[in-house]
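Student: Under the heading active site, proton acceptor, TrEMBL lists Asp40. Positions annotated as active site, proton donor by TrEMBL: Asp183. Feature annotation from TrEMBL assigns substrate binding site to Ser13, His72, Gly150, Phe151, Phe152, Gly153, Asp183, Gly184, Gly185, Gly205, Ser206. Among the features that TrEMBL reports, divalent metal cation binding site is placed at His38, Asp40, His72, Asp183.
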Amino acid sequence: MSKIEHKYYISPSILAANFTILGKEIQQVISAGAKSIHFDVMDNHYVPNLSIGPIVLRSLRKSGFEIPIDIHLMAKPIDKLVCSFIKEKSNCIIFHPESTNKIEHILNKIKENNCKTGLAFSLSTSLKYLENNYILKNLDTVLIMSVNPGFFGQKFQIKAINRIRKIRKLINNSGYKILISVDGGINANNIYKIAYSGADIFVIGSAIFHQNHYFETIKEMQLKIIRAKSDILSKNKN
Ligand code: DX5
Ligand code: ZN
């Protein structure tokens, strides 16, 4: 496979999986080429839905899943949850800046436990948090929401495209190696545009788990990412 594919990847969001066979679902997306798993944590308070917590992550690790698992916290407060998810071997913990008034402290806590950090931006969240150099310096991922947090299966909001472009520029100018993850409403029809705008990680729920053939679905989307990234390269050469 081309080098491009390793740099940019799809992260299936298990919120849209069949929870009665969660292990099997995860095994199937891994076999189909998933490089990480997206794990949505909702508390029915910060967002109007309730999902899964650290005990489910513990079961997955106990069953032998070693794939990187990225935790997307849509909860408040998050202090204790962050500690629990570190303990259960998360690879990356992503939280919304509005869910705490101790952003820098939480970033430090995650980092000092050898876990990767991420800040999630809802469509209405100001990007001003990224003007803070201390935050930027300690971030591994910026997750840009392209739907309102809370549910799978929503329509991709086109205004996310401009935010991806803006953040791509900001990160490139900063010189830090921060990945851009995009979450919500991604499918085979819009993935090219999202990749072309500057996304690195593509969080996808229903457009994978509600399809019959995971391998073909993921392959098709990976090819579109590769095409978008090589189109960027050729545009920059000219
Ligand atoms: C929404 C979640 C997403 C969601 C993605 O709040 O953060 O990760 O599960 O699902 P789709 O791809 O169906 O929008
Ligand atoms: Zn998510």
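Note: Cβ is positioned from N, Cα and C throughout, glycine not excepted.
Whatever TrEMBL says is automated annotation, not expert-curated.
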Student: Should any of the recorded positions Asp40, Gly150, Phe152, Gly185, Ser206 have a Cα within 10 Å of the Cα of His72 (divalent metal cation binding site), which are they?
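Tutor: Those close enough are Asp40.
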Student: Run through Ser13, Gly150, Gly185, Ser206 for me and report the binding-site residues whose CA is within 10 Å of the CA of the residue listed as 'active site, proton acceptor', in sequence order.
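Tutor: Within 10 Å of the residue listed as 'active site, proton acceptor': Ser13, Gly150.
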Student: Near Asp183 (active site, proton donor), which of the binding-site residues Ser13, Gly150, Ser206 can be found within 10 Å, Cα to Cα?
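Tutor: Checking Cα-Cα distances against Asp183 (active site, proton donor), the binding-site residues within 10 Å turn out to be Ser13.
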Student: Do you know offhand how many angstrom separate His38 (divalent metal cation binding site) and Gly185 (substrate binding site) by C-alpha?
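Tutor: One finds 14 Å between the Cα atoms of these residues.
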Student: Roughly how wide, in whole Å, is the group Ser13, His72, Gly150, Phe151, Phe152, Gly153, Asp183, Gly184, Gly185, Gly205, Ser206 that binds substrate, by largest Cα to Cα distance?
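Tutor: 17 Å is the greatest Cα spacing among the residues binding substrate.
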Student: Within 10 Å of each Cβ, count the other Cβ atoms and name the one among the binding-site residues Ser13, Ser206 with the highest count.
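Tutor: Most Cβ neighbours within 10 Å: Ser13.
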Student: Among the binding-site residues Gly150, Gly185, which residue has the fewest other Cβ atoms within 10 Å of its own Cβ?
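Tutor: Candidates: the binding-site residues Gly150, Gly185. Fewest Cβ atoms within 10 Å: Gly150.
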Student: Using Cβ atoms only, which residues of the same chain lie under 8 Å from Phe152 (substrate binding site) while being at least 6 residues apart in sequence?
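Tutor: Set apart from Phe152 (substrate binding site) by at least 6 residues yet with Cβ under 8 Å, we have Ser13, Leu15, Ala16, Gly205, Ser206.
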Student: Using DSSP with the three-state reduction, classify His72 (divalent metal cation binding site) as helix, strand or coil.
Tutor: strand
Student: Sort Gly150 (substrate binding site) into helix, strand or coil using the DSSP assignment.
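Tutor: For Gly150 (substrate binding site) - judged by DSSP and reduced to three states - the answer is coil.
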Student: Quick check: with His38, Asp40, His72, Asp183 left out, which same-chain residues have Cβ atoms within 8 Å of the centroid of the divalent metal cation site Cβ atoms?
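Tutor: Counting only non-site residues, the set is Ser11, Ser13, Leu15, Phe39, Asp70, Ile94, Leu143, Val203.
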Student: Tell me, by DSSP, whether Ser206 (substrate binding site) is helix, strand or coil?
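Tutor: DSSP call for Ser206 (substrate binding site): helix.
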Student: Note down the number of other Cβ atoms within 10 Å of the Cβ of His38 (divalent metal cation binding site), including every protein chain shown.
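Tutor: 26, counting other Cβ atoms within 10 Å of His38 (divalent metal cation binding site).
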Student: Identify which of the following recorded positions, namely Asp40, His72, Gly150, Phe152, Asp183, Gly185, place a Cβ less than 6 Å away from any atom of ligand 2, and list them by sequence position.
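Tutor: Asp40, His72, Asp183, in sequence order.
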